[in-house]
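Participant: This is the structure, below, for whatever I ask next.
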Amino acid sequence: MTPLTLTAGPKGGRRTAWVPTLVLLLGALYCLIPIAWVVVAATKDRSELFSTFTFAPGSGFFRNLSDLTAYRDGIFWRWMANSAFYAGLGALLSAAVSAAGGYALGRFAFRGREAVFKMILAGVLVPSIVLAVPQYLLLSKLGMADSYLAMLLPSILSPYGVYLVRIYAAASVPAELMEAARMDGASEWRIFSRIAVPMMMPGLITVFLFQFVGIWNNFLLPYVMLADDEKFPITLGLYTLLAQGASQPALYTLVITGCLLAVLPLIGLFLVIQRFWSLDLLSGSVKA
Amino acid sequence: MTSAPLKGAGLVEAGPLADGTGTAAQTVRPSRPRRRGRSAPYWFLVPTLTLFAAFTVVPIGYAIWLSLHRVQVKGIGLGKGARQQVWNGLGNYTDVLKDSEFGHSVLRAFGYGLIVIPTMLGLALLFALMLDTPRARSAPFARLAIFLPYAVPGIIAALMWGFLYLPDVSPFYYLLDKLGLPQPDLFDGGNLYLSFANIAVWGGTGFNMIVIYTALRAIPPDIYEAARIDGASDLKIALRIKVPIVLPSLVLTFFFSVIATLQVFTEPMALKPLTNGLPSSWSPLMAIYDKAFLQSDIYGASATAVVLALATFVLSFTLLRISDRYTREDRA
């Protein structure tokens, strides 16, 4: 990290800066408390949840797990699989579409380029419900509401993804290389698929991860689109479970265990891909 | 819906567009394909534009069309052709403006934003500055921990906090009880705003912190070196040099937080089952959902949605103009 050069300032020394360290640790504590809580609470059985001290581990984790798995013939795992499907396929398609669109906007000069780009970016500003309600009404006219496609299709286009690939393509695919390939008689498709895509890969991975998290976390779209709980993603599934829990508190332990299991894959993914996750890209500061 | 595109996070993503487009425009050295391949960019744009037309343009057009119509019921409304869509002009819009329920939901969103935005961005800036302080220990751990909530779906964050607000389950109530302090009802009246706001702050601070921290790291260290030789303390360097330099990122994170606030949906939805008497039109998005699907008035709901979209656009352009001015003054 850059601050290394600073440690040798006039005040010098290697003393720890206690105030910043303390502030950071308090911040970390605040952010970790709910996660630590859900880990502990998932180990408690129904009676322990409301009777023992919050952070005292319980004895019921495996029973909670088997209860959750048994709940309505394992619908919880179906929700998890649905989420993985929506987020995985949606993010993959999103990265592909963004790759082509961003490459066109970043590496070609053509009439209407800026207009197209601004129009797509303006899409970010449209409140999601303004789109979701008419999308639902239109898809139900086509007989497609409450289907896997109804959830998948609206999730593919990512204005942010197009924006990011545009910047990335402009910075990482040299015009000279494209020109040379053209001289050698390569088709535009071949230049894109064999030269540009590999060079843009870090940017595409970032788009994929963002969109994956975005779709996995989405609640409003499935809430509007889906009625059949066999097609629910995990967010909507756990929400309906909680709503029922208001009348049957026995379901609370299931919701808590479900929350833990739903969060784990994302946190795991997060820790693993941290190094690929291009945080500098995220704020648009690409340096060629 | 603070969850997906809205989490503040989702939206901040496009944050740097003001800077970024500039960068892009400079670095784009468009190659000039001769004859062959001149149509290539259009082909590459086909998937993007098709999806944009199908899932953005057409739905917006349909919403506007619906907002100008209403259903006319003939007789008792049974049988074929008894319900017809007829032109209603701006009738739905005047209804929206008179609709006090929607007005209240907008006011609630503003009240909620007044708590969330200063707290979230203040903490994000504070943590970013602390991360950037030389000799701060455990910075990599803290950075990861504070960013971690970004990986937690908004609805699940709200469910977890919802349980932490329940007196029987919460460690905070346990502590208050042991200390003999009064125990507030976190699901009641004004506290409800704090309860929702806390969830949004928890989920959004990390992302904004990273955006600001990235801007901080881009500052060449020689600047500090010079200030340090002049005898400036860490605190002074932070306030006099770092904060002004990252002001443009702060303005942008503010911009996207405001938009996200108008669209708050997930937190109140998630806590609704745990509370009594939270109105189903608490936030603007909930009011629109309520109108469209619970009252089955898609025409009125569309008009409300269009009003919300227009308000968002006006607000965005105003804020972008202000942020432009900031950025320019900064460069001058």
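Quick reminder: no glycine exception, Cβ is built from N, Cα and C everywhere.
Relevant sequence annotations retrieved from TrEMBL are reproduced here:
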TRANSMEM  A:21-42  transmembrane segment
DOMAIN    A:80-273  domain 'ABC transmembrane type-1'
TRANSMEM  A:84-105  transmembrane segment
TRANSMEM  A:117-137  transmembrane segment
TRANSMEM  A:149-171  transmembrane segment
TRANSMEM  A:191-216  transmembrane segment
TRANSMEM  A:250-273  transmembrane segment
Participant: Using Cβ atoms and a strict cutoff of less than 8 Å, what residues sit near the transmembrane segment (A:117-137) while being 6 or more residues removed from its termini?
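Facilitator: Distal contacts: 101, 105, 145, 150, 154, 157, 159-160, 162-163, 166, 220-221, 224-225.
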Participant: With CB pairs under 8 Å as the measure, which of the listed stretches A:21-42, A:84-105, A:191-216, A:250-273 comes out on top against the transmembrane segment (A:149-171)?
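Facilitator: Per the Cβ under 8 Å count, A:84-105.
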Participant: At a Cβ cut-off of 8 Å, and with pairs 6 or more apart in sequence only, do we get at least 3 pairs between the transmembrane segment (A:21-42) and the transmembrane segment (A:250-273), yes or no?
Facilitator: yes
Participant: Using a Cβ-Cβ cut-off of under 8 Å, list the residues of the same chain that are 6+ residues beyond the ends of the transmembrane segment (A:191-216) and lie near it.
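Facilitator: Residues packing against the transmembrane segment (A:191-216) from afar: 83, 86-88, 90-92, 94-95, 98-100, 102-103, 107, 155, 158, 160-161, 164-165, 167-169, 172-173, 177-178, 181-182, 233-235, 266, 269, 273, 276-278, 281-282.
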